[in-house]
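If you look up Swiss-Prot, you'll see 1-229 marked as region 'Pyrophosphorylase'. What Swiss-Prot lists as UDP-N-acetyl-alpha-D-glucosamine binding site is 11-14, LYS25, GLN76, 81-82, 103-105, GLY140, GLU154, ASN169, ASN227, ARG333, LYS351, TYR366, ASN377. The Mg(2+) binding site annotation in Swiss-Prot covers ASP105, ASN227. The region 'Linker' annotation in Swiss-Prot covers 230-250. According to Swiss-Prot, the feature region 'N-acetyltransferase' maps to 251-456. Marked as active site, proton acceptor by Swiss-Prot: HIS363. The acetyl-CoA binding site annotation in Swiss-Prot covers ALA380, ASN386, TYR387, SER405, ALA423, ARG440.
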Amino acid sequence: MLNSAMSVVILAAGKGTRMYSDIPKVLHTLAGKPMVQHVIDAATKLGAAQVHLVYGHGGELLKQTLKDDKLNWVLQAEQLGTGHAMQQAAPFFSDDEDILMLYGDVPLISVETLQRLRDAKPQGGIGLLTVKLDDPSGYGRITRENGKVTGIVEHKDATDEQRQIQEINTGILIANGADMKRWLSKLTNNNAQGEYYITDIIALAYQEGREIAAVHPARISETDGVNNRLQLSRLERIYQAEQAEKLLLSGVMLRDPARFDLRGTLHCGMDVEIDANVIIEGYVTLGHRVKIGAGCIIKNSVIGDDCEISPYSVVEDAHLEAACTIGPFARLRPGAELLAGAHVGNFVEMKKARLGKGSKAGHLTYLGDAEIGDNVNIGAGTITCNYDGANKFKTVIGDDVFVGSDTQLVAPVTVGKGATIAAGTTVTRNVADNELVLSRVPQVHKQGWQRPVKKK
């Protein structure tokens, strides 16, 4: 039977010495966001009324990074065990709510598994998440009598017989708030570690005749913790393999699932193709029949139907309408917008710029703070000079303009519809509709000229 409310405690006070880092362990990232954020997200999706984050090492950096006003920050000044950590949070527990305990360094725990654990919690008892391992060395063992859970024995305190038990404690459990506070008040540190173990509440509950229901996760990897960078890298690959599998089964063609990283949320239309070594970050939407070439990075962008992004292009905070083509080696920075059928070629960079329908910037170009009309040709080497050393200014180019190669447009400047800018021109004044503009130095020919001779 479920209580009407539930709060979550996330233990995140450890320094993570084996990470060999000045950054708190739980802030190391998996799939582009801190491990602890994955756990917070799971708690939120589960419907937690309150999330208590128990912190210690690097608390200020934790607060600066997470920036979540809904978190209740609970300081554990001394790390005296998991039971001690829960004791710091206990004053915030309501008697009539359930308390779910999670860990900031166990990032793959799923909402589905936690919901099953919550559903399985007996009235007045404890829901406990356990797994069976071929090699349970180092983990707390689940002790049973006649099939019923009676307690948890930490590895260092276990007898040889108990160490043969393969069912181990994951550390994740749920109990009523009033019961949790009572059991926490009875904990002692009379053990090999001299710490207060949260696991001792299992024996206390059993002694009171309370039922302990053990639940297994859908995947063992959900309960894997991180103590070093090797373990973190392994969980990263597990997570990415799971995301790739979901995409493949939903109809997305990943040419090499083992070389695809999703570090955010991806929504795809029909018949999307993604080549090897592509990284998706933030919130990305790909329309129908979109093709992403090898080595591309797409972040917080919307890509319209039938667009093709050629290899090694970077697209960030950009919006592409239908049938646009990008790259290879193109860079769309925040604020870039391509209207239907526009083309951005190799070594072209756009920032806060709009390229109109059917317009093309094929090679070696910078378009910043610019508004470019429809059917415009931007020649190779064109630069919108948008910065005077203090302020940014805008360039406006009308429809059907032809901009020759090696042109500089010194903003603020406007080029009218149908104008032609000759190659090598520096445009410093507004250009009227249909004008031809050129600013070349007259070409000089010197007959009989000889190159200088190198001095010996």
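Each residue, glycine too, has its Cβ placed from N, Cα and C.
Annotated features, which come from Swiss-Prot, shown on the structure.
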{"residue": "LEU11", "record": "UDP-N-acetyl-alpha-D-glucosamine binding site", "Cβ within 10 Å": "29"}
{"residue": "GLY14", "record": "UDP-N-acetyl-alpha-D-glucosamine binding site", "Cβ within 10 Å": "22"}
{"residue": "GLY81", "record": "UDP-N-acetyl-alpha-D-glucosamine binding site", "Cβ within 10 Å": "21"}
{"residue": "GLY104", "record": "UDP-N-acetyl-alpha-D-glucosamine binding site", "Cβ within 10 Å": "28"}
{"residue": "ASP105", "record": "Mg(2+) binding site", "Cβ within 10 Å": "24"}
{"residue": "ARG333", "record": "UDP-N-acetyl-alpha-D-glucosamine binding site", "Cβ within 10 Å": "17"}
{"residue": "HIS363", "record": "active site, proton acceptor", "Cβ within 10 Å": "16"}
{"residue": "ALA380", "record": "acetyl-CoA binding site", "Cβ within 10 Å": "19"}
{"residue": "SER405", "record": "acetyl-CoA binding site", "Cβ within 10 Å": "18"}
{"residue": "ARG440", "record": "acetyl-CoA binding site", "Cβ within 10 Å": "10"}
(request) Give the distance between the Cα atoms of ALA423 (acetyl-CoA binding site) and GLY104 (UDP-N-acetyl-alpha-D-glucosamine binding site), rounded to the nearest whole Å. (result) 59
(message) Taking only same-chain residues 6+ apart in sequence, whose CB is under 8 Å from that of GLU154 (UDP-N-acetyl-alpha-D-glucosamine binding site), what do you get?
(response) GLY140, ASN191, ALA192, GLN193, TYR197, THR199
(message) Just to be sure I understand, if DSSP states are collapsed into helix, strand and coil, how many residues of the region 'Linker' (230-250) fall in each?
(response) 20 helix, 0 strand, 1 coil
(message) Tell me the Cα distance separating ALA380 (acetyl-CoA binding site) from GLY81 (UDP-N-acetyl-alpha-D-glucosamine binding site), rounded to the nearest angstrom.
(response) 64
(request) Within the region 'Pyrophosphorylase' (1-229) only, compute the mean pLDDT. (result) 95
(message) Can you tell me whether DSSP puts LEU11 (UDP-N-acetyl-alpha-D-glucosamine binding site) in helix, strand or coil?
(response) strand
(request) Please report how many Å separate the Cα atom of ARG333 (UDP-N-acetyl-alpha-D-glucosamine binding site) from that of ASN386 (acetyl-CoA binding site), as a whole number. (result) 15
(message) Please report the distance from the Cα of GLY14 (UDP-N-acetyl-alpha-D-glucosamine binding site) to the Cα of ARG440 (acetyl-CoA binding site), rounded to the nearest angstrom.
(response) 67
(request) Could you check what DSSP calls ASN377 (UDP-N-acetyl-alpha-D-glucosamine binding site) once collapsed to helix, strand or coil? (result) strand
(request) Pop the Cα-Cα gap between LEU11 (UDP-N-acetyl-alpha-D-glucosamine binding site) and SER405 (acetyl-CoA binding site) into the table, whole Å please. (result) 60
(request) Tally every other Cβ atom lying within 10 Å of the Cβ atom of TYR387 (acetyl-CoA binding site). (result) 12
(message) Taking the Cα of ASP105 (Mg(2+) binding site) as the centre, which of the recorded positions listed as HIS363, ASN377, ASN386, TYR387, ARG440 lie within 10 Å of it?
(response) none
(request) Among ASN227, HIS363, ASN386, TYR387, ARG440, these being the recorded positions, pick the one whose CA is nearest to that of ASN377 (UDP-N-acetyl-alpha-D-glucosamine binding site). (result) HIS363
(message) Over all pairs within ALA380, ASN386, TYR387, SER405, ALA423, ARG440, the annotated acetyl-CoA binders, what is the largest Cα to Cα distance, rounded to whole Å?
(response) 23
(message) Need this for a regression test: binding-site residues LEU11, GLY104, ASN227, ASN386, TYR387, ARG440, filtered to those with Cα within 10 Å of the residue listed as 'active site, proton acceptor'. What's left?
(response) none
